[in-house]
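Q: The structure under discussion is supplied below as structure tokens; questions concerning it will follow.
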């Protein structure tokens, strides 16, 4: 994996180019990973995604917690000359990164042991050791994979829990650094330590002590427990820790921060020097019946961050979900129709919502890259912060409780998981 910086600005972060493998496409950073569940982009078939969302190669974010049951099948697939991990899930031509936890769902706390990390899957809790993890990575053969780490920390974690997370991560990574040569994939060094600057420094020091070429980038973990918790983070606590960490890292390696961070938080993190994020925020919005409507184009109109499709007020609103949007959903359908699909539990409902939300979020990142190139990120941040209003907009996502009836729900919309 090769990473080159095009420009760095004190006010707008940095613009870069990322080439994950030789012969692969050059990707502009700040970059958006496409979050998947069980190897698929939620609710979207490969044909729908590639026909109506993006015709360009993307980086797919696979998670072990939703794909661990595929290990044996992937071993046979790759040994038989299969077309890689992306090809196995029906998305050939796209790059991929393998992570441990699903950023879309709240990760349960506890279950930590000295030599294993708990992996919460559909079948319950599995025990994951460093040895087992590397065996699974060898079976998956991803383009990039994160190092195994104890990320069971958040803002409320005690110092003892934070220190244990750092110590256990160092132990996991000691084995992984020794055996990484057996896997032809790029390793990301995990940086853990909760909201403790001393612990974060210790984690960074351990990574930077490794021989040159041991890893290709950094992944920050342990700020939240995934799912909707990432949308409610206190940035006044988060940003100083990120700034503290970034100052200690070399500039020629990408920095990844997974989680459903809000658009405003993402802009502030980009200014701090973070390069790669994921689309779990768009999924969380779709799961909770919200269409993203925040504006990132300068105009004189006041905007709102979401359209709640459960709202009875839109049942006779025959305008597009977002009038300026060019996605399939907004070009072909109306707010009233989305509300009707919600009320009738139709599978098409979440499909159309996800098409719009992913399209809108990808366009947002296009605008981010243009703003960074022009050193105009502060202006974009101000627009996203207030949406041309007088007060700061709230981008946090609350679990939607207006489910009609769990007993009668079909395979479309599902009850939102907290």
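Placement of Cβ uses the backbone N, Cα and C atoms for every residue, glycine included.
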Q: Taking 303, 340, 356 as the options, which does Swiss-Prot list with 325, 327, 330 at the Zn(2+) site?
A: 356
Q: Could you work out which of the binding-site residues (325, 327, 330) has its C-beta surrounded by the smallest number of other C-beta atoms within 10 A?
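A: Selected from the binding-site residues 325, 327, 330 on minimum Cβ neighbours within 10 Å: 325.
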Q: Long-range neighbours only, meaning 6 or more apart in sequence with Cβ under 8 Å: which ones does residue 356 (Zn(2+) binding site) have?
A: 291, 292, 321, 322, 325, 327, 328, 329, 330
Q: Within 8 Å of the Cβ centroid of the Zn(2+) site residues 325, 327, 330, 356, which other residues of the same chain have their Cβ?
A: 291, 320, 321, 322, 326, 328, 329, 331, 355, 359, 360
